[in-house]
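See structure below.
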Amino acid sequence: MRLPIRAVTPETESAEIVGWVHEVRDLGGLSFFLIRDRTGIIQVTIPKKKVPAEILDTARSVSRESVVRVRGTVKAIEKAPGGREIVPEELEIISTAESPLPLDVAEKVSAEMDTRLDSRFLDARKPRVRAIFFIRSAVTCAATAFLASRGCINIATPKIVAAATEGGTELFPIAYFEKEAFMNQSPQLYKQMMMAAGFEAVFEIGPIFRAEEHNTVRHLNEATSLDVEVSFADHNDVMELLEDLIVHVYDHVAKDCSEHLAELEIDLKVPSKPFPRIPYAEAIEIANKTIEEKLAFGDDLSPAAERAIGDTVGQHYFIVDWPTDIRPYYAMPYPDRPEFCKAFDLMHPRMELSSGAQRIHDHDLLVERISAKGLSPESFEFYLKPFRYGMPPHAGWGLGIERLVMTMLDLPNIREAVLFPRDRHRLMP
């Protein structure tokens, strides 16, 4: 019976393993293979004078990244990976890999990002790359468990829609029989509708689509968003929920993914609560102290401004009290100063991670705000209808999973945090 490589210890007497040939070395009287599965790497040592001829013949024909089965005696060897090796009694090539390889899984020869993504299945065999996606999986599992523990219902909303969430042109049109349709930018409208349904607290982890022409290290055209909406809550309530989630996820990864963090050479620090709350006007002042292209009140924050503020704050933080005119139509204005709204962004020192707000729950005010944005309320009738039949006060946010993983692991490019990225220039594989 096959053992995962991690389960083979120096105390194991014999073992059968199956995995990929990571490296092949020939030192005259000895041949060495490094065999890899998703749990680790083990050395297979072939003393040429002590193994059957058929094993030697098979060993000579093995190419890197071929899949092999090895059964043999385990010996404790201090200098070998994991302090043990296998001397084979059986060696079988299950699947042969062509040579040369499109890229070097052992990473002795580096590869450009495009080369890596063109052969992502092979790139993902690298222990370092695999560690990123084990951690990403841990992030989403921890977030799901945390939100369920807070009473949130996991929902699934349409990704093919008839209207834009926020208007604008950042839409992917698709052929949908005789109708006009688009890929959804956000589950925003649907999660608000579930507040009218009485679900009270919901979340979704799913894809979002933005037809942005950005081609940067932090933008994707298809991304994964963690969205939350809570009834009978204001912006402060959901900011607290968001920072609790961030701290919980970091803590979970630090405790449960130590091996993968070590592979990435990361000493993960868990953020401290509460995160600072910085008013938008103050954030502009902080940024303008150091950036060359100064911002005026009412401007959105540039990447340079985000970095400048992040350098000053040095930790996760919220930007709050945004000008109403530059936030989505559904953001609730302050009653006593309607030029500002109850919106916020969660920031990492490197970039924005999340955006949220208390939402408008009054039908007439919402229609007024939609019109003020130059949009047609008639186009949003399906969304507005629930607001006529008892919509509770509510608030929520959306959090980018790729950006969360990217900043957590200090990755240089957001494409490192998604298996098969979709950007302006990449549609395959």
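Glycine residues also receive a Cβ, built from the backbone N, Cα and C atoms like all the rest.
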Swiss-Prot annotation (region 'Aspartate') - matching range among 20-23, 56-59, 188-191, 264-267: 188-191
Swiss-Prot annotation, ATP site containing Arg210, Ala211, Glu212, Arg218, His219, Leu220, Gly400, Ile401, Glu402, Arg403 - matching residue among Glu263, Glu282, Glu339, Glu352: Glu352
Rounded inter-Cα distance in Å - His219 (ATP binding site), Arg210 (L-aspartate binding site): 10
Neighbourhood of Pro81 (site 'Important for tRNA non-discrimination') by C-beta distance under 8 A, where only residues 6 or more apart in the same chain count: Leu34, Gly40, Ile41, Ile42, Gln43
Same-chain residues at least 6 apart in sequence whose Cβ lies under 8 Å from Arg403 (ATP binding site): Arg218, His348, Met351, Glu352, Leu353, Ile414, Ala417
DSSP-assigned states of the region 'Aspartate' (188-191) in counts, ordered helix, strand, coil: 4 helix, 0 strand, 0 coil
